[in-house]
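**Student:** TrEMBL feature annotations, pasted as is:
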- 19: site 'Transition state stabilizer' (SITE)
- 26: site 'Transition state stabilizer' (SITE)
- 160: site 'Positions MEP for the nucleophilic attack' (SITE)
- 216: site 'Positions MEP for the nucleophilic attack' (SITE)
Ligand SMILES: Nc1ccn([C@@H]2O[C@H](COP(=O)(O)OP(=O)(O)OP(=O)(O)O)[C@@H](O)[C@H]2O)c(=O)n1
Ligand SMILES: C[C@](O)(CO)[C@H](O)COP(=O)(O)O
């Protein structure tokens, strides 16, 4: 399984993981015998086409330097920002300032998603290699959805066939994503993923169906489930 596409990877890892209620940021919690973020980085480090990785860290991060991968020359780190979008923007800007081409592909992938499969990465790269916009891994919603009213009761049940859950990696051209994200944040738009910045710029990212076990570790039960899944 090979792909001729070359790409940069930006890993937002500057969060505090407040919903995990743990003693450290969730990206540094153990999964098996290594930190969660090390599993995430492994999803890219030995794959063909990688130009380099940028990890976006908190200004007060005190765990990164203790990881073996911190000395990997393919990985650089930058200081992230207040929100995830700010951290991603810092990573994109670092690549541009180092001379990366605006037309290079960049994949943005949450540090909190350590279970990305090689097949999903391959499918994303190959599906979008010639796409005029880019896109994202996503999973069609399988449960019935409810819109909640202010009273905490069901207000409506939307047609779930129209809904997908956005995952990562999300894959766009470096210059276009930087500009779209910069402009959206400057306009005060709430941006929770890269695709929404591109949408704000008038683009329609492509949905690439992926595995639902490429989960984002957000709450304690997510890590418990992953630990059982991976043995
Ligand atoms: N200012 C921030 C906030 C989040 N992230 C990263 O974005 C990813 C997805 O964000 P989320 O799951 O919300 O992580 P946290 O913000 O750490 O979690 P919480 O909202 O529970 O605090 C994570 O890898 C997180 O480290 C980041 O780089 N910079
Ligand atoms: C980018 C993302 O993982 C796509 O689902 C999600 O938007 C991140 O949200 P978070 O609240 O920053 O975890």
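A Cβ is built for glycine as well, from the same backbone N, Cα and C atoms used for every other residue.
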**Student:** Give the residue from the recorded sites 26, 216 that has the most other Cβ atoms within 10 Å of its Cβ, counting over every protein chain displayed.
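**Tutor:** In terms of Cβ crowding, the pick is 26.
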**Student:** Relative to ligand 2, which of the recorded sites 19, 26, 160, 216 have a Cβ found under 6 Å from one of its atoms?
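**Tutor:** With ligand 2 as the reference and 6 Å as the Cβ limit, the list reads 216.
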**Student:** My understanding is the cutoff is Cβ-Cβ under 8 Å with a sequence separation of 6 or more in the same chain; which residues meet that for residue 19 (site 'Transition state stabilizer')?
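**Tutor:** Those within reach of residue 19 (site 'Transition state stabilizer'), by Cβ under 8 Å and sequence separation of 6 or more, are 218, 219.
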**Student:** What's the CA to CA span in angstrom from residue 26 (site 'Transition state stabilizer') over to residue 216 (site 'Positions MEP for the nucleophilic attack')?
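**Tutor:** So the alpha carbons of residue 26 (site 'Transition state stabilizer') and residue 216 (site 'Positions MEP for the nucleophilic attack') sit roughly 11 Å from each other.
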**Student:** Any idea what the Cα distance is from residue 160 (site 'Positions MEP for the nucleophilic attack') over to residue 216 (site 'Positions MEP for the nucleophilic attack'), rounded to a whole Å?
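**Tutor:** Computed Cα spacing between residue 160 (site 'Positions MEP for the nucleophilic attack') and residue 216 (site 'Positions MEP for the nucleophilic attack') is 21 Å.
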**Student:** Measure from the Cβ of residue 160 (site 'Positions MEP for the nucleophilic attack') and count the other Cβ atoms within 10 Å, all protein chains considered.
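**Tutor:** The Cβ of residue 160 (site 'Positions MEP for the nucleophilic attack') has 14 Cβ neighbours within 10 Å.
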